[in-house]
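In what follows, a single structure is set out as structure tokens and then discussed.
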Amino acid sequence: MTTVPLYEESAHRKHTPWRRIMLAVEPYIYIAPSVLLITMIMLVPLVIGLSYAFRDIQLINPFSGGFIGLEHFRTLWTDAAFWHSMKNTLVWTFASVVLQFAFGLVLALLLNNPFPGRGIVQALVFLPWAVPTFLSGLNWAWLFNPVVGPLPHWMAALGILSAPENILSDPSLAMWGPIAANVWWGIPFFAITLLAALQSIPQDIYEAASIDGAGPWRRFTDITLPFLAPTIAITVLLRTVWIANFADLIIVMTNGGPADQTQIVSSYIFTQAFRRLDFGYASAVAMVLLILLLAYSFVIILLRQAMLKR
Amino acid sequence: MKSSAYSRSYRFLHYGLLAFYVIFALFPLYWLLKVSVTPNDLLYSEGIRLWPSRPSLAHYTFVLAHSDFPLFFKNSVIVSGSTAVLVTLVAALSGYAMSRFDFRGKMWLVGLMLVTQMFPLVMLVAPIFKLFSPLGLTNSLTGLVIVYTAFNVPFATFLMQSFFDGIPKDLEEAAMIDGASRFRAFQQIILPLTLPGVAATLGFVFTAAWSELLFALMLVSKAGASTFPVGLLSFVSKFSVDFGQMMAAGVLALIPACLFFLLIQRYLVQGLTAGAVKG
Amino acid sequence: MASIEIQGVGKSYGAMPVLHHVDLSIQDGEFVVLIGPSGCGKSTLLRMIAGLEGITSGAIRIGGQVVNELAPKDRDIAMVFQSYALYPHMTVRDNMSYSLRLRGTPVERMTSVVSAAASKLGLDALLDRKPRTLSGGQRQRVAMGRSIVRQPKAFLFDEPLSNLDARLREQMRVEIKKLHRELGTTSIYVTHDQVEAMTLADRIVAMNGGVIQQVGTPLDLYERPTNLFVAGFIGSPAINILEGRLRCDGERRSVEIGSGERISTAPLAHGHDGQDVRVGIRPEDVQISPKADGGPTAHVELVEPMGLGTIVHIRATHHALKAFVLERVDYPVGTSISYELPASKLHIFDAMTGQRFPE
Ligand SMILES: Nc1ncnc2c1ncn2[C@@H]1O[C@H](COP(=O)(O)OP(=O)(O)OP(=O)(O)O)[C@@H](O)[C@H]1O
Ligand SMILES: [Mg+2]
């Protein structure tokens, strides 16, 4: 017995390397299509796009294309329109995320407990998410248009506006138009994710807490919120980044106007690239935006880890 | 007594708030519908009436019979449908790998997929155009399908992964012992159990592809290959005064996306729940 | 049917070793039970035999053939999972015939095999139901049925009964034993439950921390545990373990407990005077009587009636003991009692190594 070598069957030795290799390679076969697609269609173009930031690329100028180093970034530093759009991005992102989150959380809580008709109500309140974004933009633009939309008239009747005018053409109010559309469209996203998280909280924890004497409010602050915290953190993070990048509504509703009052960085990139056809400068702005967003995510993740450690 | 009064007022508040949400969610859509059935001569005189005194389907007839919308509609169905199917296939594979295998580079893959969610996509338009035009993929529905597929794979992968995580590993191990290869176990045991997840992913991607505007606008310049959003937008600039027709077109654009969404929204919550339980 | 040889098998997850050089050879038709505390690597070993985990080192043979690199599907073994792992979207019939379908078995043969297995397990009436409509016990039977239809080389069971209630567990235990007698298929059975282990096994393999501690018949392990771990793990109520010091007095050996009390032991070949030892004695071997008959005395701390007999907890000056008696005694707490530890029933272990002293 002891002198028998471990692998005496030559028939099996033949199969040995093949199965080893198959086992090692198997996961990569499953992810290959995804990785290939993402690399070819997102990563490679991203790198090319980033390289434009250091080149002079203007579609209307056939002699452009040269390498110009940091020139675009120097221009950017003194570009008042860019700084203005940064400020607008903050307002746009912050207001949209906070409102979407607050409304979404309340909605998720309302939908969490069973009641007759919950299925239908849930389907209806989630419906805005299915509306194509450009169509939501158009739709809200029409609602704010005093000719065909009721909103200006109602707001005037309530005394919010002095006259039934289109807030989208009022520089001081215009930003609230796209924000309203964004909130309407984005509530379901938060509600869906938070509802899923709520439904995964084990019910017996609530029962234990009630027996321990916790009232509804205490149960919410002591159980629901801590359980939701990880979901909230990750959703808010992803959503903030996404909304900062999200220019569709603004482009459709106001196109950055009036007087650049609704121009955010990503719509500014769009304007530079497709109205001025200056791809080099657009890429430089995009690169700054990408770096800021990466930095933001990084800080948030670090904060989260610091909090988890505590 | 006290507690029943409490619960009654609580119920009142509950339903009141829900009614507010339902109205808030549906009113804009309702208004779209209302304007689309208002004949042109009543549009301004009955601007803020809740329902026109004389509804008509004239705008719909015009859009369906005298515009390119049926073509745009067909293009959009082809693009969104193919994208949804492709993404679901690709994401099912990668989501399965993320759920079931430990492999080197897994964290890098997760990182890569997260970072792709931060790209200002505007930036990719010109490079993709440059890559695609020598391949004949601009001005073609195939090109759009490829781009949309790549853009949607990361999120769909996370979604599918959360569904797979909800299915016990024992099941495919039992199948493998019963004599199935891993791929066959995946196909015959795991996938059928993930059907809700597949439905959710299909629906999610279909709606996303259905509404995409930027690349549809930039990669396609000939009308024959335009999708619905592009058609609608060109409509807005061409006939900027004809609200009725635009809104009729808008209502038509909404129908497939909303139908799809109504069917799958339940699974979306379930899928995310399954993942949340695990994580 | 086949023998299973496990030679020098080791397993690590990354840098963490889970199994160390396991050697075990299982004869054709044998029923072997793996037992050990949670996390000791029982499931890992079973899954390596099944092909669900890779083998870090060593070799596993089934029917004389090395299977290290063979996929589970090519090993021709069947496994019953703790969770049963029934395919939820298939009927009981389809669950049971899935492996046959994968092998392209002709339909007529499949039908007859499945119905034979179903009637053996009393599942005839359930064949067209989905698993979710079955009770726990019925699911367990389906899982068994699924593995017997194809007459595999070996059955592997990973705690198959642990999700059942006590009554059902007892019943299934008997059925598994009958089934094994009937089919004679080599079986490896993982469990926590020592009653299952004692009643089912031809041989028990006791494991701890990824190392096999002892292999032997149930009575071997019970009567001659090779080390402290096995002694403490097997038997319920658990064995009494007393700390003491070996005393050599010419040829006579005794163990001194605490300061003073001495228990004389059977002759030992090893050991030196003053060596630290542990003395084990099973509760049923502790003899107690309420009459003071000259032996050491203790007083009653607690009496646990078990139905079959009674466990009496007694405390002497330096140690506590459990005694199991078949009578229904009911001593009041504090009763003074004399006890005796028969030399032939003592298990002496080296306190340092935990190993049994050779006799
Ligand atoms: N995939 C894995 N990665 C890392 N460690 C693992 C993995 N699977 C198991 N282990 C470790 O291997 C050890 C043995 O696990 P195993 O499941 O074999 O124990 P067990 O004896 O079956 O326990 P139980 O009786 O609780 O089922 C445990 O310490 C466990 O933490
Ligand atoms: Mg185990």
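Using the three backbone atoms N, Cα and C, a Cβ is placed for every residue, glycine included.
Marked as domain 'ABC transmembrane type-1' by TrEMBL: B:73-264.
Sequence annotations record features per position, and here TrEMBL assigns transmembrane segment to B:12-33 (among others).
Per TrEMBL, transmembrane segment is recorded for B:77-96 (among others).
Long-range Cβ contacts of the transmembrane segment (B:108-129) within its own chain (Cβ-Cβ under 8 Å, at least 6 residues beyond either end) map to 94, 98, 138, 147, 151, 154-155, 157-158, 214-215, 218-219. Annotation source TrEMBL lists transmembrane segment at B:108-129 (among others).
Per TrEMBL, the feature transmembrane segment maps to B:141-164 (among others).
Sequence annotations record features per position, and here TrEMBL assigns transmembrane segment to B:185-207 (among others). Cβ atoms under 8 Å from those of the transmembrane segment (B:185-207) belong to residues 80-81, 83-85, 87-88, 91-92, 96, 148, 152, 155-156, 159-160, 162-164, 167, 171-172, 175-176, 256-257, 260-261, 263-265, 267-268, 270-271 of the same chain, restricted to positions at least 6 beyond its ends.
Within the chain carrying the transmembrane segment (B:213-236), a Cβ under 8 angstroms from the stretch's Cβ atoms is held by residues 67-69, 71-73, 75-76, 79, 121-122, 125, 128-129, 132, 137-141, 143-144, 147-148, 245-246, 249-250, 253, all 6 or more beyond its ends. Among the features that TrEMBL reports, transmembrane segment is placed at B:213-236 (among others).
Look at TrEMBL and you will find B:248-269 (among others) tagged as transmembrane segment.
Away from its own ends, the transmembrane segment (B:141-164) comes close to residues 75, 78-80, 82-83, 86-88, 90-92, 94-96, 98-100, 113-114, 116-117, 121, 128, 132, 190, 194, 196-198, 200-201, 204-205, 208-209, 212, 215-216, 219-220, 225, 227, 271-272, 274-276, 278-279 of its chain (Cβ-Cβ under 8 Å, at least six residues beyond either end).
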